[in-house]
Amino acid sequence: MIFRRISQLISFRSFSIGRPDVATTSSKFANERWSVLVVHPKVRWGSGSASVLKQADRQLEEAVALVNNLPNMIAVDSLIMPVDYNTKRKSIWAAGNLEKLVTRREAARATALMINVDVLSPSQQEKLFRIFEVPIFDRYNIVLSTFKEFAQTDEAQLQIALAEIPYIKHRIHALSSKRLHSRPEILHIEQQYAEVEGDLNEILRKKEQDLRRDLKESTRKSSESIKSKNSSDAVVAVVGYTNSGKTSLVKRLTGASSLTPKNQLFATLDTTRHVAKLPSGRSAVFTDTIGFLSDLPMHLITAFEATLAHVKSADVIIHLRDVSNPDWKAQEEDVVATLKSIGVAENVLTERMITVDNKIDKEGAENIADATTKSIRISCKTGDGMQDLIDRINQKVTIATKCKTIRLRLDVRSPVIEWLYHNEFVVVEPVADGNNLIFDVVMSESEIGRFRKKFDHLRKKV
């Protein structure tokens, strides 16, 4: 369903509105199947024009893929329609181009339109509905519907519910101010909202508070579950544009059988964590995160900030680029901008990030000679370049966790030996020297401190 109810999360029963469950975005179209005309409004000049890295045909292709990603939508036609300066006009285009689009919709027998902008205003959605006489969707509607379709955990569903509230507030305000004469479902919200007695803003504010509280608790439990395994494990966050191969990479690095990579936009919505042993003997937690996307409303990104919180504090960040995609430069720009928007500091991007170019096995994959990022070229499919990447991760983790190699000369009967093996510090077997064994082990400063406190009276350094 395009707008599936999450009634257990968005229930207004406690506010006595008179209906047991009220979803946020409209479910009027829930059981419909839509033939969609996808239109990309290319701003030809002015401050509203796209980055020079973004090609209009690639943006249109991505919009079509987003639509086709939903099980009850199919893009039956698509086109680029130029617009001057910006997309702020109520109807977006002038009369002549609107007439062309109406003719195109009728020829394609499209039953809905997707306008490829981040989010339409309520007045734009109303105006366009009256012109085309079919439902009008924007990127926000399509992406949020995709999130609902593929979210599996409570944490992801809570974030989706939270992301909807600003959208609803804006549209309810527009309806209540009498500036619009739309039916609520035209704006993709429930008819019940127009009939609520009392302060709906207060109801939504209280619901937002409850969602934030529940999300905070869910995130805390998730974080504690991974910390309880070993608080000294390094965290390696894998980020990248949607469908760049993040899940495949984490599976390659950790061997996690629970991961099932898919050639699908937003196949991963829930942050998953998987532990692997590095060549140094250190354990690292690799996190597979939600994919990034261009032109998303800020409040949609903000709602998923809890999921991405670990990225800010990660010891190492792997930025995965799909260099087989002709638009990879624009995608990289969007990923970096999103990382900055959620609070990742500039020095973290320069000091802790590893840039990895994936899908080099594909025809057309660009060979990038990038001296500034020193990117590593890999193929998650064939395994090419993986050893180079593992070595770079090992190096970065060692630096980030302030680990150092110490040499220990131990009597073969020393209790320290059993402790080293039990705590998995022994990566390379020791060298025998008479009745002694010489170990080279990697420890962080805190581990060295604990070790000295426990065994200082027995330890002999070479």
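Placement of Cβ uses the backbone N, Cα and C atoms for every residue, glycine included.
Whatever TrEMBL says is automated annotation, not expert-curated.
The coiled coil annotation in TrEMBL covers 186-221.
Under the heading domain 'Hflx-type G', TrEMBL lists 234-401.
Annotation source TrEMBL lists GTP binding site at 240-247, 266-270, 288-291, 358-361, 379-381. Just so you know, the Cβ of Asn243 (GTP binding site) picks up 23 other Cβ atoms within 10 Å once every protein chain is counted.
The Mg(2+) binding site annotation in TrEMBL covers Thr247, Thr268.
The 10 Å shell around the Cβ of Gly240 (GTP binding site) contains 22 further Cβ atoms across the protein chains shown. Between the C-alpha atoms of Ile290 (GTP binding site) and Thr247 (Mg(2+) binding site), the distance comes to 10 Å. For the coiled coil (186-221), the model's average pLDDT works out to 75. Cβ packing within 10 Å was compared across the binding-site residues Lys246, Lys359, and the lowest neighbour count falls to Lys359. Sequence-distant contacts (6 or more apart, same chain, Cβ under 8 Å) of Ser379 (GTP binding site) comprise Asn358, Lys359, Ile360, Asp361, Gly385.
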